Structure formats: structure tokens, C-alpha cells
Amino acid sequence: MAAKDVKFGNDARVKMLRGVNVLADAVKVTLGPKGRNVVLDKSFGAPTITKDGVSVAREIELEDKFENMGAQMVKEVASKANDAAGDGTTTATVLAQAIITEGLKAVAAGMNPMDLKRGIDKAVTAAVEELKALSVPCSDSKAIAQVGTISANSDETVGKLIAEAMDKVGKEGVITVEDGTGLQDELDVVEGMQFDRGYLSPYFINKPETGAVELESPFILLADKKISNIREMLPVLEAVAKAGKPLLIIAEDVEGEALATLVVNTMRGIVKVAAVKAPGFGDRRKAMLQDIATLTGGTVISEEIGMELEKATLEDLGQAKRVVINKDTTTIIDGVGEEAAIQGRVAQIRQQIEEATSDYDREKLQERVAKLAGGVAVIKVGAATEVEMKEKKARVEDALHATRAAVEEGVVAGGGVALIRVASKLADLRGQNEDQNVGIKVALRAMEAPLRQIVLNCGEEPSVVANTVKGGDGNYGYNAATEEYGNMIDMGILDPTKVTRSALQYAASVAGLMITTECMVTDLPKNDAADLGAAGGMGGMGGMGGMM
């Protein structure tokens with residue numbers, strides 16, 4: 001086992017604070033509408049330019065292991081805030097630094113660290129309740145656009161695009177961000193259900209100019225099995241041909257003789273058919289087939305429930321107004337499934353989301369809800385260079401997370417004003433002893449830090465602005481973009497309540513752990529460990545000499 005380096009008490013805390021400050025100072029320059037850029041060197045390719053707090057935090061690794069421990073713990077604050085609300089990483093880092101700095105001063109002055117932590121926790125719990133009381137619902141497009149604009153560093157086009165996307169696909173809809181091809185940002189909306197499976201044979205194409213298969217009012221056969229024998233399908237094909245409608249086959253696979261016969265029938269014009277593989281794998285494929293069945297009013301033909309393909313009738317087939325299939329995707333538009341059945345299926349999947357333990361499962365389930373409930377919107381980010389594209393894409397993703405958080409828990413006045421109001425309301429909060437009171441004061445003082453940092457990044461004097469804002473009430477605050485005072489909500493400076501709440505809670509959680517740290521242990525650097533080993537060996541040799 002490698003030799004360890006151990007530090008205690010004040011020595012440990014000083015080192016830890018140094019690491020916290022390095023990381024926080026690098027991150028906090030990005031805060032606010034006039035936040036600065038940070039350039040990150042990459043081992044290959046061009047450097048990345050970003051104003052995203054968590055991207056900066058992730059890059060920081062310090063040489064001194066004790067300092068690095070402090071930095072990594074604050075990095076955890078940024079990551080947790082990002083995971084919970086998708087934004088507010090810089091605010092969380094600024095709050096953590098402020099609480100840790102003031103808290104460690106109090107510990108150095110002889111306060112009891114455990115009581116300080118209890119005081120901080122008490123203040124934060126009360127602050128969260130006050131934030132909820134200040135919160136106003138965010139339901140209209142204008143408010144959604146304003147939240148998106150603020151989170152995307154005052155880029156109005158991004159805010160408007162996100163609001164438009166939410167209008168088109170609903171609050172539950174899936175909105176994805178992709179690289180665009182031009183200089184302008186674009187919004188693409190895919191109505192209906194789309195999944196990532198294309199046609200099984202290019203001979204199904206009936207729109208050569210677009211390279212797509214388009215079926216108007218088709219029947220849809222859903223089979224949870226491989227189809228290789230055409231005889232299984234003859235009864236269904238004959239019934240569909242008599243009805244004079246096209247047929248879409250969605251199965252685990254269609255191969256060999258079955259696929260060849262379908263192609264020949266299509267080319268001869270006997271019956272218009274297209275076949276695609278079912279989306280997903282394993283249990284997820286079964287679930288997605290069931291989703292499509294619910295959407296189209298059909299039944300999944302599955303041998304597991306004793307249904308055979310030869311006995312399928314037109315009643316077992318789903319229907320839709322239109323289906324478009326290209327090389328990679330299939331889109332089913334306006335399925336004829338009953339609204340009540342679709343809503344029941346959506347409620348069932350939402351229940352599974354509540355119970356899901358992994359982020360991946362949760363994300364996949366949310367995609368399924370969106371496909372059933374509304375559709376998918378794609379924001380295509382335009383930029384002149386790849387470096388700008390990466391930076392802008394990160395901002396759009398942040399803005400998207402922020403708007404979702406705003407819809408979920410509402411909004412409060414932005415620009416750090418909500419925390420200032422909360423702190424002033426809690427001025428009379430008291431703990432069980434004097435040390436806890438100091439902890440409460442530490443937390444309340446730290447709540448001014450985001451506003452002060454926003455002002456500092458503008459090049460103004462933080463204390464002057466903070467005192468002016470404290471002198472006002474309600475939503476009165478400082479608009480750093482225009483450098484004027486006024487009602488933050490009227491000026492469209494909004495923060496999602498969830499983002500502010502998460503930032504405060506995670507900052508206080510990690511700060512409390514660091515304030516109560518009394519000992520730090522790390523591996524000795526390799527050179528020091530080698531020197532120790534060499535010294536031990538020399539002593540042994542001296543003993544040998546004595547024996548001679």
C-alpha cells in the first residue's frame with residue numbers, strides 16, 4: 001500500500017479553500033449577461049470557448065492533491081445542479097464558494113463546525129420555502145421565451161425558438177438540439193410518431209425525387225416476430241388488396257422469400273406495401289410496438305399471447321392518415337387510436353418514469369411519452385465556425401433545460417434578486433445557540449454573492465448595486481444587460497425557481513461537508529514515496545555492515 005500524506009485542522013482547510021477558490025474563480029467569470037468567456041485547451045483540435053459553468057468546472061484538475069480535493073468537491077456542486085435542473089451551475093459554484101469562505105473563517109475563529117452546519121442547513125431549508133412562496137407559474141409563451149433568452153446569455157432568437165418549439169409539441173414533447181447547416185438557427189417539427197428505422201428495401205420507394213416511401217391512409221400490421229415465410233401473410237395481404245389501401249408492416253424483421261414477394265407485388269402494383277424493422281431491442285421493442293398499436297388503434301400480433309399471423313384480420317391492423325418512410329426514419333402521422341387509450345398509455349409510461357432508477361431509462365421513457373403525446377421538435381443551431389457551433393449548442397441546451405425547469409416549478413425574479421429578497425425575509429431567523437446563529441448569517445450573506453458577481457462582471461461596483469437593490473422591495477433589481485434598475489419580471493429577467501433552489505441546496509450541502517472537515521488524506525507524490533523507500537533500504541544495509 002502506498003504511503004499517505006495526512007493534514008489536520010487548519011492546514012487541511014487552508015489547502016482545501018485554495019482549491020475551491022481556483023475552481024470557483026475560473027467558473028464565476030462566466031456569470032450574468034456580461035459574463036466573460038473561458039478558453040479551454042484540448043489535447044487535439046481547436047480550443048473550446050465557453051460561457052457554460054459546468055464545462056469550465058469539468059476541465060479543472062489541480063497539481064496539489066489537497067487543493068484538488070477542494071476543487072473536485074465544488075465541481076460536484078456544479079455537476080449536481082446541472083443534473084437536477086440542467087442549469088444554474090455557475091450560481092451554485094458562486095454560492096458554494098461564498099458559504100465555504102465565510103464558514104471556514106468562523107471555524108478559524110473557534111466556532112463549532114457542527115453547529116455552523118446546522119445553522120446553514122436551517123437557513124437553506126427556510127430559504128427554499130420562501131423561494132416557493134415567491135415563485136409564479138410560467139405557462140405562457142412570452143415567459144418561456146424570456147427564461148430561454150436569459151439562460152442562453154441574452155440570445156433572444158434562442159428563447160423565441162424554444163417557446164415556439166414548446167407551442168408546437170407541448171410541454172411534454174421532445175425537443176432536441178442538433179448542428180445546423182447554415183448560419184441561422186432553425187426549428188424543425190416532426191408531427192406524429194417518428195422512430196429510427198427506415199425501409200427494408202429501396203424498391204418500396206414511391207417518391208423517387210425525395211427518396212421516400214409515402215403511404216396515404218395505410219393499414220399497419222404490427223408483428224413481434226421475424227417474418228420469412230410469405231404464406232403466413234397471405235390472408236392479411238389479400239384482405240388489404242380487397243380494401244384497396246396500402247399496407248405498412250412493422251416487424252422484428254422481414255427477410256428472404258417474404259421480403260422478395262412483397263417487393264414484387266409492390267412493383268407490379270398488385271398491393272402497395274412497405275416494410276420496416278420495429279424500433280428498439282428486447283423488452284423496449286415490445287413496449288414501443290405496443291405504443292404504436294395504441295396510437296394507430298391496432299393490435300400487436302405476438303405468439304407470446306397466442307396470436308398467429310395467419311389468423312390476423314383487418315380488425316387487428318392499425319390505421320393512420322399518412323406514413324412517410326425514408327432511409328433512416330419512419331413517421332406515422334395522425335394514428336386513428338382512441339384518445340382515451342392514448343392518454344391511458346401516456347399515464348402508464350409516466351408512472352414508469354417516476355419509478356425509473358437510471359437516467360438512460362428515464363430519458364427513453366420520456367421520449368416515448370413525447371412520441372405518443374405530441375411530436376418531436378428539432379432546433380438546428382447555425383454558426384459560422386465549429387468552435388462557435390459547440391459553444392452555441394451548449395447554450396441552447398442550457399436554455400432548454402432552464403425552460404423545462406421553469407414550466408415545472410415556476411419562475412422568480414432573476415439577476416440574483418430572489419435570493420436577496422429571501423435573505424432579507426429571513427433576517428430574524430435564529431438557531432438554538434450563538435454558533436448556529438453565525439451559520440445562519442453565513443448562509444444569508446452568501447445569498448448576496450450571485451448578484452455581486454453579476455455586477456462585478458459588468459464592471460460596476462457590487463456593494464453600491466447590492467445596497468440599492470436591498471433598499472427596494474418585491475421584484476425590484478438591477479438589469480445587468482442594460483445597466484438599469486427596475487422590476488425584473490417586467491423587464492423579462494426571470495430565473496426558474498427549480499434552478500435557484502437546486503443551486504442553493506447543493507451549494508449548502510457540499511459547503512457543510514467542507515466546513516466540518518478536520519482531516520485530509522492523500523497519496524504521497526511518487527518522488528517522496530520513493531525517497532522514503534530508499535532511506536529505509538539504506539538503513540538495512542548499515543545493519544548488514546555491522547554484522548560483518
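Glycine too: its Cβ is placed from the backbone N, Cα and C atoms.
Annotation comment: Swiss-Prot describes 30-33, Lys51, 87-91, Gly415, 479-481, Asp495 as ATP binding site, evidence class experimental evidence. According to its DSSP assignment, Thr30 (ATP binding site) is coil. Residue density at Thr30 (ATP binding site): 22 other Cβ atoms are found within 10 A of its Cβ, drawing on all protein chains shown.
Residues within less than 8 Å, Cβ to Cβ, of Lys34 (N6-succinyllysine) and separated from it by at least 6 positions along the same chain comprise Ile454, Asn457, Cys458, Gly459, Ala480, Ala481. What Swiss-Prot lists as N6-succinyllysine is Lys34 (among others), and the listing cites experimental evidence.
According to its DSSP assignment, Lys51 (ATP binding site) is coil. Residues annotated as N6-succinyllysine in Swiss-Prot, with experimental evidence given as evidence: Lys51 (among others).
Taken from Swiss-Prot, the feature N6-acetyllysine applies to Lys117, supported by experimental evidence. The number of other CB atoms found within 10 A of the CB of Lys117 (N6-acetyllysine), across every protein chain shown, is 23.
Secondary structure at Lys117 (N6-acetyllysine), taken from DSSP and collapsed to helix, strand or coil, is helix. Look at Swiss-Prot and you will find Lys117 (among others) tagged as N6-succinyllysine, backed by experimental evidence.
Residues annotated as N6-succinyllysine in Swiss-Prot, with experimental evidence given as evidence: Lys277 (among others). Counting only residues at least six positions away in the same chain, the Cβ atoms of Arg197, Leu200, Ile250, Ala251, Glu252, Asp253, Val254 sit under 8 Å from the Cβ of Lys277 (N6-succinyllysine).
Annotation comment: Swiss-Prot describes Lys321 (among others) as N6-succinyllysine. DSSP assigns Lys321 (N6-succinyllysine) to a strand segment in the three-state reduction. Long-range Cβ contacts of Lys321 (N6-succinyllysine) within its own chain (separation 6+, distance under 8 Å): Glu216, Ser217, Ile333, Asp334, Gly335, Val336.
Summarising the environment of Lys390 (N6-succinyllysine), the number of other Cβ atoms within 10 Å of its Cβ, over all protein chains shown, is 18. As annotated by Swiss-Prot, N6-succinyllysine applies to Lys390 (among others).
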Cα distance (Å, whole number) from Lys390 (N6-succinyllysine) to Thr90 (ATP binding site): 19
Residue, out of the binding-site residues Lys51, Ala480, Asp495, whose Cβ gathers the largest set of other Cβ atoms within 10 Å: Asp495
Protein Cβ atoms within 10 Å of Gly88 (ATP binding site), excluding its own: 32
Whole-number Å value for how far Lys390 (N6-succinyllysine) lies from Gly88 (ATP binding site) (Cα to Cα): 19
Nonlocal residues around Gly32 (ATP binding site), in sequence order (Cβ under 8 Å, 6 or more apart): Gly415, Gln453, Ile454, Val455, Asn457, Cys458, Ala480
